[in-house]
């Protein structure tokens, strides 16, 4: 059973990574609501257009997936910064948890809806034609209901009127000196490294474990008929939802007694996930049930970090460059994390297997031992969050200093609108 990374996801990820810094730049300087709307139009339009592409123009289908990645980059970089300016403290933590819960929920619903449409119509193309209808509803709701708050509104920061806007290079230099951002980004990269390796190789590992236990006949030629990918996918979605809720709630409660709660929760979850993943690997040849249990615990602990990490970024970075910070964190996390971890894990497995007899057991053991690098990486990620905790309060104080908002034309209009709304609400 061999696994090869399909080209369509590579096109999507590459375009997302290349366009994320662009949207981060735009989101820090122009109307974020307009930029988000353009992003929705891009990916929904590209998805709809791809359903009409004939097989002889397959390169257009690849191009459309790239445009979908570009549109998705707008949301992943800008949406958290809008939420950060609409909510603060406990409310922000809860809202970010809801936001990150719907990522695995949306992924799961996409498979369900696509499968249902395929069964009803007998044509996979109709799945790409139904989804833009839902995205059109999302666009209408965004335009009608979501305000475009001034940057720093939640912290009640005033714009430094008349101060020249910093350049993108100056923002990047500032972020490079913001050690809470740097260490937390490295922690996120460690999480991405492990989740990327697990997502790619865990179904093969679980399949070969069942072969070793005699529960599954060997597969000597692709494609292999196995339910391991589906089982692992369901496990990932369920633990993702539960983990995001647990992490956000633990952060919200612990912050009341410890201002460094967020990075400490991330550190504890990763340092606990490392032995869980190790036990899932070493127990697989002995008992599959225990391996599944510890694998689920490890994924649950990894998922506890997503909303909490976003909250850390919003609290330690100046409002004027949060979009750029989100973009850099996404880019670094993917490039150094899940973009290369499947290759690294497979390379180590291939090197180990080269000096061993050609058998299913040796193939399984090679993959098992190559996975051990993930336990060290995730432990290093926990150490990065411990270092984040040491610098957190100082960087938060700098980010809360007055006069650190963004002096662009859209913010003055937004602040006047919000102020008028508050005055009207206070009048009897």
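Residue 1 is the first one shown; counting continues down the chain.
Backbone N, Cα and C atoms are what each Cβ position is placed from, and that goes for glycine too.
Per TrEMBL, the feature domain 'Major facilitator superfamily (MFS) profile' maps to 1-393.
What TrEMBL records for 6-27 (among others) is transmembrane segment.
The annotation transmembrane segment is assigned in TrEMBL to 34-53 (among others). Same-chain residues lying 6+ beyond the ends of the transmembrane segment (34-53) with a Cβ under 8 Å from its Cβ atoms: 23, 26-27, 60-61, 64-65, 67-75, 78-79, 82, 125-129, 131-132, 135-136, 138-139, 142-143, 148.
Sequence annotations record features per position, and here TrEMBL assigns transmembrane segment to 59-83 (among others). Long-range contacts of the transmembrane segment (59-83) within the same chain, counting only residues at least 6 positions beyond its ends with a Cβ under 8 Å from a Cβ of the stretch, are 7-8, 11-20, 22-24, 27, 32-33, 35-36, 38-47, 49-50, 53, 92, 95-96, 99, 146, 148-149, 151, 310, 313-314, 319, 322-323, 326-327, 330.
Marked as transmembrane segment by TrEMBL: 95-114 (among others).
The transmembrane segment feature in TrEMBL is assigned to 126-146 (among others). Away from its own ends, the transmembrane segment (126-146) comes close to residues 33, 36-37, 40-41, 43-45, 47-48, 50-51, 82, 110, 113-114, 117-118, 120 of its chain (Cβ-Cβ under 8 Å, at least six residues beyond either end).
Among the features that TrEMBL reports, transmembrane segment is placed at 181-202 (among others). Taking Cβ pairs closer than 8 Å, the transmembrane segment (181-202) reaches residues 3, 5, 175, 228, 232, 236, 263, 266-267, 270, 277, 295, 299, 302, 305, 309, 312-313, 316-317, 325, 328-329, 332-334, 336-342, 344-346, 367, 371, 374, 377-378, 380-382, 384-385, 387-388, 391, 395 in its own chain, all 6 or more past its ends.
Cβ atoms under 8 Å from those of the transmembrane segment (230-251) belong to residues 93-94, 96-97, 100-101, 103-105, 107-108, 111, 199, 202-203, 206, 261-262, 265-266, 269, 292, 295-296, 299-308, 311 of the same chain, restricted to positions at least 6 beyond its ends. Per TrEMBL, transmembrane segment is recorded for 230-251 (among others).
TrEMBL lists 263-286 (among others) with the feature transmembrane segment.
Among the features that TrEMBL reports, transmembrane segment is placed at 292-318 (among others). Taking Cβ pairs closer than 8 Å, the transmembrane segment (292-318) reaches residues 80-81, 84, 92-93, 96-97, 99-100, 103, 174-175, 178, 180-181, 184, 187-188, 191, 194-195, 198, 202, 235-236, 239-244, 246-248, 250-251, 262-263, 265-266, 269-270, 272-273, 276-277, 279-280, 283, 325-326, 329, 378, 388, 392, 395-396, 398-399, 404 in its own chain, all 6 or more past its ends.
Sequence annotations record features per position, and here TrEMBL assigns transmembrane segment to 330-352 (among others).
Under 8 Å from some Cβ of the transmembrane segment (364-390) lie the Cβ atoms of residues 179-180, 183-184, 186-191, 193-194, 197-198, 201, 204-205, 208-209, 211-212, 260, 263-264, 266-271, 273-275, 277-278, 281-282, 284-285, 302, 312, 341, 344-346, 348-350, 352-353, 356, all in the same chain and six or more residues away from its ends. What TrEMBL lists as transmembrane segment is 364-390 (among others).
The feature region 'Disordered' is assigned by TrEMBL to 400-428.
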Could you tell me the mean pLDDT over the domain 'Major facilitator superfamily (MFS) profile' (1-393), as a whole number?
86
